[in-house]
Amino acid sequence: EYIPVGDTVPKKSNFRLIAATNRDLKTESDEHRFRSDLYFRLNIFEIKLPPLRERVKDIGALSLSFVKQFSEKTNKKTLENSNDFLQKLESYSWPGN
């Protein structure tokens, strides 16, 4: 349930909003480069997720999980991740992530 800006009557909705940014929206809002009312509405629940390049120890488990999900979704048997493959994933720099 939400109340549109400028309205007083609540409306029902069934959606999830996920937003990501590489900027500090609090600072942007304080310096008037991001709407403070939108920041207030978006900042109800914050999830800080470090980039993959900072979570190298998680790459093996994530990779195995994705392979398993793909296998189940497509009903296809997939190959196991080899140590060589995992080492390549872990040594990759993951630019932009």
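Cβ coordinates come from backbone N, Cα and C, glycine included.
Because TrEMBL annotations are produced automatically, they should be read as predictions rather than curated entries.
Small disclaimer: the values here were computed from a predicted structure and weren't measured.
Summed and averaged per residue, pLDDT over the domain 'Sigma-54 factor interaction' (1-97) gives 88. Look at TrEMBL and you will find 1-97 tagged as domain 'Sigma-54 factor interaction'.
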DSSP residue counts for the domain 'Sigma-54 factor interaction' (1-97), split into helix, strand and coil: 44 helix, 2 strand, 51 coil
